[in-house]
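I am attaching a structure below and will ask some questions about it afterwards.
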Amino acid sequence: MEASPNDRLHFGKMGFGCKHYKRRCQIRAPCCNEVFDCRHCHNESTSTLRNIYDRHDLVRQDVKQVICSVCDTEQPAAQVCSNCGVNMGEYFCSICIFYDDDTEKQQFHCDDCGICRVGGRENFFHCKKCGSCYAVGLRNNHRCVENSMRHHCPICYEYLFDSLKDTNVMKCGHTMHVECYNEMIKRDKFCCPICSRSVIDMSKTWQRLDEEIEATAMPSDYRDKKVWILCNDCNDTTEVHFHIIGQKCGHCRSYNTRAIAPPVLPQ
């Protein structure tokens, strides 16, 4: 008994692919005319070439030809194989030339980002100033930084915009990978590597520093010494009494401060 057209479409689902995606086709990279399982496989391969001038990334939209993994037929990019009739990807984006059999990821294409995302369209919104899709919980609930996602992670330096790893938006609006953020916190680093703002609530730490300073008298030579500081949390500049333990911002009460030269007053 012959398989129905619908059964044929789903033949081999989740049975092919690479470590990045389950799909029933390979792509021919137009930049080097080589065949790879996916764009990431291409980029990983070319990034290790001996000659640095040969290293390059594949532009996803440039892919024109794919090879069906079921029947090995090379053909123009499309969802259904022109020869054997299988879906080469249960999810297919004709803009990104993106195939994926694992639809539990809830893939969707964002026109503003220009690429496909995962997690379900209803769970995300596109922030035009930050230049990327964010979880709906961040709508009107994050500090906008222009094109904040179109940068490299400040810890591992992987480009964030199209990274496969989860990304964290910090209180300051800057972004980094979730795993890099967690590792940073684990190592007792609580400031953004880019702007130095505190990334978590530090009020209890500031309270402990208040108590330490109150219990630690400075030598008489330093009791009246004052310094100018810049607060990394509120960007205010103030003149405060110097203390070896730390200088407290007179505006927001943070100890995340640094000494600066006195301001030059206009003549």
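Counting starts with 1 at the first residue shown.
Backbone N, Cα and C define each Cβ position, glycine as well.
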Using only what Swiss-Prot says about Zn(2+) 4 binding by Cys93, Cys96, Cys116, identify which of His109, His126 is listed for that site too.
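Swiss-Prot lists Cys93, Cys96, Cys116 binding Zn(2+) 4, and from His109, His126 it also lists His109.
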Taking the modified residues one at a time (Ser163, Ser198), which has its Cβ surrounded by the most other Cβ atoms within 10 Å?
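In terms of Cβ crowding, the pick is Ser198.
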Which one, from the binding-site residues His109, His142, has the smallest tally of other C-beta atoms lying within 10 Å of its C-beta?
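Fewest other Cβ atoms within 10 Å, among the binding-site residues His109, His142, is found for His109.
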Using a 10 Å cut-off on Cβ-Cβ distances across all protein chains shown, tell me which of the binding-site residues (Cys41, Cys113) has the largest neighbour count.
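Neighbour-count leader: Cys41.
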Sort out the residues at least 6 away from either end of the zinc finger (153-196), same chain, that have Cβ-Cβ distances under 8 Å to it, and list them.
20, 40, 113, 115, 130-132, 134, 138, 142-145, 202, 232, 256, 258
